[in-house]
Structures are given as structure tokens and as C-alpha cells.
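S.K.: Feature table excerpt (TrEMBL):
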- A:159-163, A:H222, A:R267, A:323-327, A:351-356: ATP binding site (BINDING)
- A:43-129: domain 'Phosphagen kinase N-terminal' (DOMAIN)
- A:156-398: domain 'Phosphagen kinase C-terminal' (DOMAIN)
Amino acid sequence: MANSFTRMIAGRNTAVILASIGASTLASGYLLHESAAAAERRKIYPPSADFPDLRKHNNCMAAALTPKMYAHLRDKVTPNDWTLDQCIQTGVDNPGHPFIKTVGMVAGDEESYEVFAEIFDPVIKDRHNGYDPRTMKHPTDLDASKVTSGMFDERYVLSSRVRTGRSIRGLSLPPACSRSERREVERVVVTALAGLKGDLAGRYYSLGEMTDREQQQLIDEHFLFDKPVSPLLTAAGMARDWPDARGIWHNNEKNFLIWVNEEDHTRIISMEKGGNMRRVFERFCRGLKQVEHLILERGWEFMWNERLGYILTCPSNLGTGLRAGVHIRLPLLSKDPRFKKILDNLRLQKRGTGGVDTAATGDTFDISNLDRLGKSEVELVQLVIDGVNYLIECEKRLERGQDIKIPSPIPQFKK
Amino acid sequence: MICYKGRSQVIRLTGELLGRRCWFVSSSVGKIGIFVSTPGSCSNPQVRKQQGSTMPFGNTHNQMKLKFSSEQEYPDLSQHNNHMAKILTPPMYERLRSKQTPSGFTLDDVIQTGVDNPGHPFIMTVGCVAGDEETYEVFKELLDPVIEDRHGGYKPSDKHKTDLNAGNLKGGDDLDPNYVLSSRVRTGRSVRGFCLPPHCSRGERRAVEKLSVEALAALSGDLKGKYYALKNMTDAEQQQLIDDHFLFDKPVSPLLLASGMARDWPDARGIWHNDNKTFLVWVNEEDHLRVISMQKGGNMKEVFNRFCTGLTKIENLFKERGHAFMWNEHLGYVLTCPSNLGTGLRAGVHVKLPKMSKHPKFEDILKKLRLQKRGTGGVDTAAVGGVFDISNADRLGFSEVELVQMVVDGIKLLVDMEKRLEKGQSIDDIMPSQK
């Protein structure tokens, strides 16, 4: 990753200067003047007056935020004038579920993670099983050739998929972006994607302009995403101005797909029917590298740094932002009381085939990696491959009337 | 949920979206200085303190946006059918985008709800909100024409009459209770000096709650009552309030959510009502205060009496504590939703009109009487069993007494008509003229 550069934007009068650079620190200077109205308000409403009531809350933000931290951070802003209150609004508005712990905060821009590190770091540590951004480094590895096995038994695995997200450095993230920034993201990404060739050549469908027929086609293929309805997302402001500058790109072969300006600047998905996870991951890495190359040519780059990996809107997607998974039939294993423990130890999670928050229908599950940060892409995909193979092995053993074993837990971080 | 497919867009509408809110922002003759920020402050890549935009919520990072051209920022309103979309033009956007009110409310904040909710092809929503009293002044270029459009030609130079003298109402105590099942008058009030629900910080919202609770605690006699904070109420209290039809819940309408008024729910929200359960105040729902007087039967005069008495007492209690309601000569009472400017008053009854409602001239009669109908579940619900919620259509340009008078006279006539139709008689000779 390049350390710093000034980007030239065609057609703009002023260059947008980059603020944060990798793992660099920000100077903690303050501008000398502030308006009288602002000072007056700060006197009438000290931070204690604004501290949110989090007594009924069960999310990572609520667990980490203290009045002292709030007082320290409330009046700070990122270079784009994004504030702490804006980061945590979604967590204040959505107390969370008593059984599931949501994250409860979002970033408005790359600098949010620096300016508000005091709250983001403990939240990241909580969410990512002890990963400490202050001391640890995140490994990035998109060399698909390192992966072994990766061809699943298709009597069990119905489809394979790998997804991640990427943010364009220098433009605000979906909770915060203005309409022109969002449109700029669309322009940058679509221009770059037009440069893809061969099996990656494809086409962009803008959400606001697609015909009814195109829309129906995309729904049938399970490609179309719609305006978010989850209050977790809408409270963060990422659905503003819908469907302006949102769209879907996919290649002609329909196995490489990019969402533009949904929950992140881009979501990149490689998928196909069947169990050839190796090919899915290979195409994923190749496609990602080519897209990155195409935007670098035009003077843009992805948000990335050593301590947090790829920067995305939700802290839960930091690091690799990667979810590699399969739709798999496990009629016997799913009824075994040890199923959950086996998944836990393999560091896998199950979801219904409708995606997160859906229940499984029948015996078919969506099984994918739990972790995102602290392990590289190759490591996570290998983990999924090995884990799924183990699950298939268990299923086969149960079919034969043999007993199965709970595997020993996979260690957390390599340090 | 109704799905309307535009040319290439699925516009989702919920029942509450239809006609619920038309937002206007109008200018008030503000006594508070207007802060107009200009572009040119540097985008210093250092940790900074907040500038003029002191209230953190919303698109207050206006300075950053000014680096982009007006064209690049202008919203796509091609699928839109609301007042804001009709009035806003690119040159207007360019002139107004660099402005902000003293608390940091910007043009994008005003219009966000209208951008996010294109509206319905048959019903015209307003598409803007106010974040504070000064919004109406700073963005008058947009809001004056929107108000004029929404409030039947009300001009920027017009003056609004306030009349809360219940003694001026003629009649209203004799609506036939066989037809008129209940009577209700509601309005809203904003406390001057605090930002409105789309923009207020938690500290401000709590301050409004504290003030309101203190003022209401001083009411006595038949107005003596109790406050129930939404976040503290017991299950038993909650159930009672639901049974009494008093409890309000977190808004679900995308029109309201997109404007930011549901933030931090249920912090600093609550319901106050008197022991008799005939006078009710909502705190920090869609406005700072919503004041409701209601009772079963057709004695609108009594309802309005209590309404005026209660409101006046509350206003005095606030004044004793050094706070006034937002009001000015041109716009009357200033509220979040521009559709509620002026009186903010909706006086209505639940009335049985099974025969009238099937009469071909029903809609026309209502229009001439300056009344509107809704289902008894409230706005956007359908009438059930011939029972309608009938209320005044206007808010601005008529006084409170005038509006309630229209309702009283209009309902009297409608009930007479219903009785005639029951007897098989004609109603042609008592058709009203346009009020």
C-alpha cells in the first residue's frame, strides 16, 4: 500500500487532500477560533448532559463507552466533521438483543478509527476476540494458490461463496457521505470495472435506472439488494438518498458480483453452484487484484492500514472483511447436540440460507467463518475448507452409524 | 405495505406514509441572530473542535460538502412528488447550501426526508422539516413558496391570528351523541431556545422534558395529573396507557425516521395526563409538546374550553420559568412539521355517517366545509363501520376559534344530513357553500 499521495481528480477544481495515512498518528492540534454560539452551547450542555442512557443496552459500544470517554471525545471531529455522536447513534437507537451482541457503532470515514480510537479500540477488541489494534498487526494475503483441498463433496455442498468489502480512500463512508461523494464512489468503481476482461468482463446496473425486466432478472438470480430495512443500518444513516448512486455490477458468467454503495462503498462477491471453493477463491483474489489495479491507475486506492487491515463501515468487517461460506446439507449432524460445539471449535458460524438473521430451512445451512480480523484471507478460507470437510466427514460417519468427535478448538491469533 | 413501481424504481410506502406528514419549513421573523457560514475554511487534517455546527446530528459536516460543486451535490428528484421537490431548483440549492442556522441545521438537513421519501403519485407530502426556529428564516427562499403551496396561498406577508378565547365559540355543546361518539382537539407547542426533534441533542431533549414535567406538575384542579416517562414506566402502567389509547410508540413512518426525530428513543419521551383522563400531553414525540383535550360524546365546547384553559395555564407556567413558546405574527405557532404551522390545531370528532359517506357528494361537501376525513385509527387508516374521524383541513391562516367553529358547524350539518337521509329525505336544499 502506498503511504501517501495527492490524488488528482478529473474535472474537479480542488484536490481532496488525504487525511489519514496508514498507521500514522494525527497531530492533536486545535483550531484557534470557534464560533460564539458553539462555545455557548458547550457551556449549557456539558458532555454529561448528552451522555446517552445505555442501561438497557447490550452492544459492544455500550459495554465500552464510559462518561469519561464520552466527555473526552464528544467535541472532537474528523477532518470531514464527523462526530462521536454520529458514530454511536445506531448503538444508542438499537439497544440490541439480549442474546446477540451487536457492535453498536459505525465509522463515517477512515479517520473515525483514529480520532475516536479511544472507543473504537476496545470495541474492536471485544468484537474480534481480543485483537488489540494498539499492539497487533493484521496480515493480508490474497494469494489463492496457497489454499489446499478446496473441492467439496457436492452431495453435501450446494454452493460456495466468498465476499468482502472495499472502501475508496479519500471518500466518506456510507453513514456520512454526501451525495457527490457517493456518486464519486460509483463513478470510480464503475469506470474501473469497465476495464475488466475475459471471464471477468461484465456490466453495471444502476438501481435507479434499471428496467423492470432487469430488476426481475437480478431478483431471480439472487443478486439484487434492496434498500436496507434493518433499524441497525437505517439508524446509521446509510440509506439516505436511496437509490441515488447505488447499483450492481456482475460479470457475464454471473459468478463475480459487486454491490456499489450499499452498506459499504463496494461489496465484492465471488460465487458459484457446487463445491469448488478453490475456484471461487481464485477468481475472488484475481478479480480483487484487477479491480485494485484499475483504480490505482486512476490515482485512487483502497482504505487499508497495518493495524486494522481493510477499513469498512462496520467494525465487525475490519481486517479481511471476508466471509467465505457454503450452503450445505447436514441432515444428521444438524440434529446432533454437539453440532454447535463443533462449529464453535472450528470457528465457524451457521446462518439460514436467507442470510444473516434467517433461520435454516430444512437441513440446509449457510456455514462460514466467524473471524474477520487477525487472520489473513488465505488463512480464513483454509479454515473454512478444513472445517467444512470436517463437517462432511462427521455427516458421513453419522450416516454409517459411526460416532463423531468434537475437534479441539482452533487457536486465536498467531502471536 | 404498498409497493408502487415507478419507471424503474420500487417506492415502498407504508400505511403511515400516505398523507401523514407534509413538511414545510417557513421563515419566522427571528429575534435571534442568524449565523451564515461561508465556504473557505480549511480542511485541516488534524483533530479539531466542532465549529458553528454545534449539534452533532445529521449532515452538519457542511463545510466538507462545499468542496464539491452544487451540481454534484444536487439530489435526484426526478421520481419525486412532494412540495419540496416541486419548489427546489439547482440555482436555489446553490444559493442556500452554504447557509446554516446558529445551531448548525443546513439545507440538506431540511430536505433529507423529502429526498428519502419520494412521495405518492396521488398524495402530495411536503418533504421538509425544521430543526429549530431559525430554520424558517434562514431557508425562507425555499420554505415560503412551500408554505404558500401547502397552506392555500398563504403569503410571506400574511399575518396569522391566534385566538384561544374559548368563549368566542358559538354552540358546540349540542352535537348529537347518538352520532358523535367522541370529540377531540389537539395542537403542538415548541419551547423557544431549544432545537426541534429532528436536530436536538440528548441534552436539549432532556432539558425540554424536565421543563415540561415541572410545568405540568404545577397544574391543579381538574387538570391535576401525572407524568409517565416512556423509559421508566412499569408494564402495568404501559398496559393502562395502551388501553386508554394514550400511549404513543416509536415512529415507524419513514417520513419521520428519515428526519431524525426518533433518535435516542425512548430517552426523554413521555406522556402526561390529568387524573380525569381528558387532558393529555405528549413530550418529545414529533414535537416538543403535543397537547390533547378529549372526551366521549359531542360536547366539543367543553373539550375546547379545557383545551384553551389548559394551554394557557401551561404557557404561563413556562413563562414563569423564563421560557416562551415559539410563535410569531406571520407563522403563528412554530412546529417541526410545516403542515402544523399557525394553530397546529386539529379539532375533530368520531362520527357515525354510514349513509352520508355513501352519498356521491360527500367528498365535495367536506371540501366546501373545509373538513377532512380519516379512519378512526388516525391518519392513513380507513373508516370502519361508517364511523369517520372528521376534522378541520386547515391549520394556518385561521384562528383556533375559527377552526373549531368550522368543525362544530360542519358536523352539525353533516349529522342533520345523515338524519335526513335516514328518513329518505333529500339534502339538496341544505348543501353548503364554499367556506
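Even glycines carry a Cβ here, placed using N, Cα and C.
Just so it is clear, the model here is predicted, and its values are computed rather than measured.
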S.K.: According to DSSP, how is the domain 'Phosphagen kinase N-terminal' (A:43-129) divided among helix, strand and coil residues?
M.R.: 43 helix, 5 strand, 39 coil
S.K.: Quick check on the binding-site residues A:S159, A:V162, A:R267, A:G325, A:R351: which one has the highest count of other Cβ atoms within 10 Å of its Cβ?
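M.R.: Result for the most crowded candidate: A:V162.
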S.K.: Using DSSP and collapsing to three states, where does A:R351 (ATP binding site) fall: helix, strand or coil?
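M.R.: It is in a strand.
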S.K.: Grab the pLDDT values for the domain 'Phosphagen kinase N-terminal' (A:43-129) and give me their mean, rounded.
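M.R.: Across the domain 'Phosphagen kinase N-terminal' (A:43-129), the average pLDDT comes out at 94.
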